[in-house]
Amino acid sequence: MERYETVAELRAALDAGRRTGKTIGLVPTMGFLHAGHLELVRRARAENDHVVVSIFVNPTQFGPNEDFSSYPRDMERDLQLLREAGVDAVFTPGVEAMYPEPLATSISLKPLGEMLIGKVRPGHFTGVATVVAKLFNIVQPTRAYFGEKDFQQLTVIRRMVRDLNFPIEIVGVPTVREEDGLAMSSRNVRLSEENRRAARVLSAALGKGAALVSAGESDAARVYAVMRQMIDAESGVALRSLDICDVRDLAAVERIDRPVVLLVTAEVGPVLLIDQREARPEESAGR
Ligand SMILES: Nc1ncnc2c1ncn2[C@@H]1O[C@H](COP(=O)(O)OP(=O)(O)OP(=O)(O)O)[C@@H](O)[C@H]1O
Ligand SMILES: CC(C)(CO)[C@@H](O)C(=O)[O-]
Ligand code: BAL
């Protein structure tokens with residue numbers, strides 16, 4: 001596995017393979033890798049000739065009071081895990097390599113990037129879409145892999161690719177969970193034991209909501225109320241948003257007569273956690 005820290009070095013290395021028609025799978029990450037990231041890498045490894053993983057904690061997607069400086073980092077461990085996973089190239093640019101000058105260009109999705117988590121984290125998805133567009137142009141992958149855990153992010157990227165004609169296949173990968181259901185996240189390491197216990201309620205509430213939908217409950221307000229009650233009963237968890245949305249465009253749904261995604265954002269101790277679960281009413285199964 002080779003490590004590259006500048007755009008020019010990475011481009012030169014990838015160009016040789018591209019000329020001979022090799023496919024490239026890209027897995028963009030912010031590092032501090034866990035089994036969720038490694039599942040993205042496994043898929044990329046199985047489906048492409050070359051696998052490139054980027055590790056870059058992108059400052060432009062963090063708000064001024066968010067956790068950019070305390071975001072967990074462990075480059076040596078990450079490199080070791082990627083070596084073991086059979087990755088060909090890892091791109092670890094510094095901020096200077098990605099942003100040699102302040103950008104005059106940005107990509108904002110309206111309303112997709114401004115709703116839901118975009119409300120809790122204003123500007124977040126502009127930072128994400130813009131850095132992902134840069135990574136796409138730097139690597140020019142055949143396929144790029146994103147986790148369904150960050151469901152709105154996946155939806156934003158799919159829409160950007162469609163709107164701007166990026167010739168890239170976006171692959172969404174199901175959420176990898178801890179044994180008790182908690183979605184794996186780099187930020188989980190900052191949960192105290194008590195926070196960690198409380199955090200279980202998020203996946204439990206989504207599971208309950210999805211079960212109600214598949215059992216035939218079509219009134220989104222009723223599904224919402226049950227999930228909300230479960231989360232509110234857990235004193236260690238401060239709910240920031242809870243939504244029932246159309247899986248395709250994340251529009252709010254009142255009557256559940258098509259596949260939906262249940263989305264939750266909550267503060268658990270010092271950490272903002274998100275989770276998601278798709279749910280389909282029985283009559284739309286397979287649609
Ligand atoms: N549990 C998971 N299962 C599947 N994919 C995941 C999981 N967690 C993260 N990913 C995906 O890995 C990619 C990189 O995510 P990132 O580096 O931000 O990790 P993270 O664990 O989501 O960190 P954070 O603490 O910021 O939520 C994203 O596409 C994300 O959706
Ligand atoms: C896609 C991404 C690497 C862009 O910085 C980040 O938002 C993430 O890790 O999900
Ligand atoms: N996984 C999403 C990146 C972020 O929280 O900024």
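Any Cβ shown, glycine's included, is placed from N, Cα and C.
Copied over from TrEMBL, here are the features:
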type     : residues                      : note
ACT_SITE : H37                           : active site, proton donor
BINDING  : 30-37, 147-150, V176, 184-187 : ATP binding site
BINDING  : Q61                           : beta-alanine binding site
BINDING  : Q61, Q153                     : (R)-pantoate binding site
Least Cβ-crowded entry, counting other Cβ within 10 Å, from the recorded positions listed as M30, H37: M30
Binding-site residues close to ligand 3 - of L33, Q61, E148, V176, S186, only those whose C-beta is under 6 Å away: Q61
Whole-number Å value for how far the residue listed as 'beta-alanine binding site' lies from Q153 ((R)-pantoate binding site) (Cα to Cα): 12
Binding-site residues close to ligand 1 - of M30, L33, Q61, only those whose C-beta is under 6 Å away: M30
Between V176 (ATP binding site) and Q61 (beta-alanine binding site), the C-alpha gap once rounded to whole angstrom: 23
Residue pair S186 (ATP binding site), the residue listed as 'active site, proton donor' - Cα distance, angstrom, rounded: 10
Pairwise CA distance, the residue listed as 'active site, proton donor' versus M30 (ATP binding site), rounded so that it is a whole Å: 10
Where the C-beta lies under 6 angstroms from ligand 2, the matching binding-site residues among M30, L33, G36, V176: M30
